[in-house]
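Over in TrEMBL, the protein carries these features:
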type: TRANSMEM; residues: 12-30; note: transmembrane segment
type: DOMAIN; residues: 59-288; note: domain 'Ammonium transporter AmtB-like'
type: TRANSMEM; residues: 66-89; note: transmembrane segment
type: TRANSMEM; residues: 101-119; note: transmembrane segment
type: TRANSMEM; residues: 131-151; note: transmembrane segment
type: TRANSMEM; residues: 158-177; note: transmembrane segment
type: TRANSMEM; residues: 189-207; note: transmembrane segment
type: TRANSMEM; residues: 219-238; note: transmembrane segment
type: TRANSMEM; residues: 258-276; note: transmembrane segment
type: TRANSMEM; residues: 370-391; note: transmembrane segment
type: REGION; residues: 436-470; note: region 'Disordered'
type: COMPBIAS; residues: 436-445; note: compositional bias 'Basic and acidic residues'
type: COMPBIAS; residues: 460-470; note: compositional bias 'Basic and acidic residues'
Amino acid sequence: MASIWLDKLKLPMTLVVLQVLFFILFAVFVDYSDDASPAAITPKTMNGNGTEPMEEETEGSNSLHAYYGMFQDVHVMIFIGFGFLMMFLKRYGFSSVGLNMLIAALAIQWATIIGGLVHNHGKSFTVDVTSMLTADFASAAVLITFGALLGKTSPLQMVIITVVEIVVFSVNEYIGVEVFKAVDIGGSMFVHAFGAYFGLAVSRVLYRDDVEKSDKEGSVYHSDMFAVIGSVFLWMFWPSFNSALAVEDAQHRAVLNTYFALAACCVATFAISSLVDRNGKFDMPFLSNKFKIHDTCGVNNLHGMPAIMAGITGAIVVAMADTKTYGTTLYRQFPAMAPTSSNDTDWSIMGLEPEPGKGRSAGQQAGYQIIALVVTVVIAIVSGLIVGFVLKCTPCLSQPSGSNLFEDEPNWHTPEPEGGVTPELVSKVILELENRKRQDGKGDEGYLPLLGDDGGEIPLEDKGPNGEHV
């Protein structure tokens, strides 16, 4: 009895401890930015009575006006897009949406704390709407990892993975952005590649033969429909995800490029899907592999390989960047390419005066982009393997197996199917009739299975010559 209670308490107590820890860390290290702090309003901006602003706040004077719209788009992608996308499993819908929400809620708090501490070298830091955006990006990496492990890990395992992955993610992002000065506005390298290969590495270590044998790793019509809805949400809001942290003309270009690229890719995907099907029908393919890396949501195809392609393409574009193409915004787009001091004659071509950079050539910056991509993939795989081994070797974090794989019931109160008959049960009855038909060649006229209250078959004698039951 005691062990049962301990098993029940592991997840809720872990969540309570983590949330209390978050409260304490927020109180100690986090404060409002000037855009959100009432203390930032100076007497010069107040009326004589000191209670109301002298002038009404203008549109764009606060970062909230500039970023909140795109933040909401990204937020919908995190909680609705990713959640519904993973609902294709016929018996894992509650977990797909529910655990997606839990993981994201944990990740955005932990990412705010760890990201702030890492980028400020352990000192206190401030938060604003851009902090919310970067936290959502970090949670996206964890949700991509969740896609590779969908249905094969317990909620407690996913909580542990979230806590560890956010720390490694933040350190890797710091290395890429602050050390290598790589530019990755859309998160191809630091979000998509990292999340995908971290998850695949964990999946490789946790691989079990019974995962491949499970008959619950499949979809039904309505579960696939929810997955399509999730895909549409992601498709609609992806321009915001790609451009949210860019500025001015760069943000405008990112929106335009993503918008038209999505439209073109949609048309091409439908065309190719119909072309490769022998009957010309549309299909959402399930791609498997032979490396014992079970990838439930196909994150390697959806996030991993596209991220590597994007990182390489980005490096090629950087190698061709010059002032003829970017004008005075070149050094704002690639800060490390800016001259090392204001005495450099190149400063004269700038309309703005950015911080002194590293003086890199376009080719050097492209090289650092590739280095950042390689380091990201290596860190993701190595850290994922370590986390996977820890999970596998820790008895109290036991992995679901057998009938509990890809199944809501062990962790959720699930409603009974209407009439007590499930699609799986109907399929089993039909299969049994076909087996009997093949065995004795009589057909199924002598067998009429009835289902009892427990869903089991009530055996009947053969029918008589006039069709009555004997």
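Note: Cβ is positioned from N, Cα and C throughout, glycine not excepted.
Unlike curated entries, TrEMBL annotations are predicted automatically.
In this chain, the transmembrane segment (219-238) lies apart from the transmembrane segment (131-151): fewer than three C-beta pairs between them fall below 8 angstroms, excluding pairs fewer than 6 positions apart.
Proximity of the transmembrane segment (101-119) to the transmembrane segment (158-177) is established through 3 or more Cβ-Cβ distances under 8 Å for residue pairs spaced 6 or more apart. When Cβ-Cβ distances below 8 Å are used as the criterion, the transmembrane segment (158-177) is approached by residues 11, 14-15, 18, 99, 102-103, 106-107, 110-111, 114-115, 118-119, 138, 141-142, 145-146, 149, 184, 189-190, 194-195, 198, 202, 372, 375-376, 379-380, 383, 387, 391, 397 of the same chain, each at least six residues removed from its ends. Here the transmembrane segment (131-151) has long-range neighbours at 33, 67, 70-71, 74-75, 77-78, 82, 85-86, 89, 92, 95-96, 99-100, 103-104, 107-109, 111-112, 115-116, 158, 161-162, 165-166, 169-170, 173, 187, 190-192, 194-196, 198-200, 202-203, 206, 216-217, 241, 244-245, 295-300, 302-303, 384, 400, 405-407, meaning same-chain residues at least 6 beyond its ends whose C-beta is under 8 angstroms from one of its own. Through the fold, the transmembrane segment (66-89) approaches residues 60, 96-97, 100-101, 104, 129-130, 132-133, 136-137, 139-140, 143, 146-147, 150-151, 216-219, 223-224, 226-227, 229-231, 233-234, 237-238, 240-241, 243-244, 296-297, 406 of its own chain, all at least 6 residues removed from its boundaries and within a Cβ separation under 8 Å.
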